Amino acid sequence: MSEATSQDAVASDAQPVFAPWALDAAQEIMDRCDKLAEFSDMEGGIERTYLSPEMDQVYTLVGEWMRSAGLTVHRDPAGNLIGHVEGRTPGLPALILGSHLDTVPDAGKYDGILGVITGLAVAKQLIASGEAAKLPFSLDVVAFGDEEGVRYGATLLGSYALAGKWKDEWLQLRDKNGMSMSEAFTSFGLDPSKVRDAAYTREQAVGYLEFHIEQGPILEQRDRALSSVSSIAAASRYVVSVDGESRHIATPYDLRKDALTSAAEMIEAIDRISQAAGTRANVGGLSTLPGGVNVIASNATFTLDLRAGTNELRDEVYGRIWQAFDEVAAKRGVSYSKRCIHTADAMICDEFLRGCIEQGIVEAEQKEAFGLISYPGHDGMAVGELLPIAMLYVRCKGGISHNPGESVRLDDVAYGADAFSRAVLAVARAQEAKE
Ligand SMILES: [Zn+2]
């Protein structure tokens, strides 16, 4: 990663340098994101979930946009929407441009949606300019039906299906109204026994590129529109239970085994260790027993989520955290146990594809490109289990996401569309050079 230079400051005051088509495309992208925000099953906000009637309506509309741009359109057996463009000869493996059209409750307009619609805009431009017909691969613009996992708890369902990692047990999960996923497939017009047919083979695709809002403040702090992603963070989640002894408040301090003050000291240690290591940790849940105002807590149980750019860093930081916990427990006369409830390895972006993304950024912005660690999870995590992946990040206001206040700038989207298109052409040039 490189720091911003003085040249950046000059360039940000200069006239935009993105390709002329990109500004019109960006306006259309913004208008389309506004339009899709109207399809919601939540009163007064945006919420769109897997296999829902709103997703069906959105697929119909996006499918029309795809067809009018010259793509052929189908829904895959996992409930994803795919627009296809042939390359220089029919039947070539695809470069996939993907993201998701589902949302969290009370969502913004851009998380996932911007990536799908920008992927479509790039395909449209490449068709219109005649460049698509010269590509040494085909293009698949993929809209995943589930990334957020809101309806069934399990996440990344669309992208896991594409990557061949579908689990049939998911079909038995039920939504809050008691409808099983299997029933939801049927009501969506799909056969739940065929979901696995959505899988690509390694030979069917050359790779996967995803355009996404940053969902963090770094690009804004650096006064930059775009970056690549170096890796999608490794994550592990634990529930930690601290056991002490419930005693009267009258107990002198040297005789106490206070589970809650011990937990407080442990949580402070997490914060200190994670900050020093440059990782991201959060303790979002805490409960105590017995919970009396004049009773020393016998138990404190809290959650812990830690994300790091690499598996090694995550494991090293956890090592330091457990060591700090051991010291707190010894000092305060309590014991603790920990239970891992989730773990996901880091997804390192493919060096070649990331290079193509960065080439696109350099050409579009005429500035140096750099990579950021993605602390949020993305479809690329799942697709990366089958294919090489890379991501292009675009600045969002204040880093705010999963919130109706999500906001992106028109000129940033123009730079992003231009860079994404140039990244596709960079992949093509590199592939042709190898042939
Ligand atoms: Zn997303």
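Including glycine, each Cβ sits where the backbone N, Cα and C put it.
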Return the residue out of R237, R256, R339, R354 that TrEMBL annotates for the same allantoate site as N294, R307.
R237
Site-mate of H100, D111 for Zn(2+) 1 in TrEMBL, selected among H74, H212, H248:
H212
Helix, strand and coil counts within the domain 'Peptidase M20 dimerisation' (237-331) (DSSP):
43 helix, 26 strand, 26 coil
Write out the long-range same-chain contacts of R237 (allantoate binding site), meaning residues 6 or more apart in sequence whose Cβ is under 8 Å from its Cβ.
T303, L304, D305, L306, C340, I341, H342, T343
Max Cα distance spanning R237, N294, R307 (allantoate binders), Å?
37
Same-chain shell around Zn(2+) 2 excluding D111, E148, H402, C-beta within 8 angstroms of the CB centroid, reads T103, V104, A107, G108, G112, E147, S401
